[in-house]
Amino acid sequence: MTAIYLMSMLFGLACGQAMSFCFPTEYTMHVERKECAYCLTINTTICAGYCMTRDINGKLFLPKYALSQDVCTYRDFMYKTVEIPGCPRHVTPYFSYPVAVSCKCGKCNTDYSDCIHEAIKTNYCTKPQKSYVVGFSI
């Protein structure tokens, strides 16, 4: 009985180490428009984590679609819209952004994901900041 229990625990640990860790993660982004007076700080969720993948030897003989690797990407998401404060009348003050509801390991879809290897470091404000909290700005 103890041997079965011990083996099942070891099997569970081995499977747990092999699983992917891809889930919604809190993320803060800064949004500004050159015509508007303020920068808006938004707290949202994005998909982040690690996915199990294998690098195939013999890449020369495989079609391109077989060479792509899985990434942590959206399974389900919704869009929220906020109003950037301090915009003149001729400028549309609304900004829409995705909120991750659930994530999965899969192929990167460029229709709604940024599939680059290295992010550009532009997540900062050059104008006075306003924070956005659940439906209204402060």
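Note: Cβ is positioned from N, Cα and C throughout, glycine not excepted.
In the disulfide annotation of Swiss-Prot, Cys36 is paired with Cys87 out of the candidates Cys72, Cys87, Cys103, Cys105.
When you check Swiss-Prot, the disulphide partner of Cys22 from the set Cys15, Cys39, Cys72 turns out to be Cys72. Each of Cys15, Cys39, Cys103 is a candidate, yet Swiss-Prot gives the disulfide link of Cys47 to Cys103. Between Cys51 and the candidates Cys105, Cys108, Cys115, Swiss-Prot records the disulphide pairing with Cys105. When Cα-Cα distances from Cys103 (disulfide bond) are compared across the recorded positions Cys39, Asn43, Cys51, Cys72, Cys125, the shortest belongs to Cys72.
For the recorded positions Cys22, Cys36, Asn43, Cys47, Cys51, Cys125, a Cα-Cα cutoff of 10 angstroms around Cys108 (disulfide bond) retains nothing.
Closest in space to Cys39 (disulfide bond), of the disulfide-bonded residues given as Cys51, Cys72, Cys105, is Cys72, taking the CA atom of each residue.
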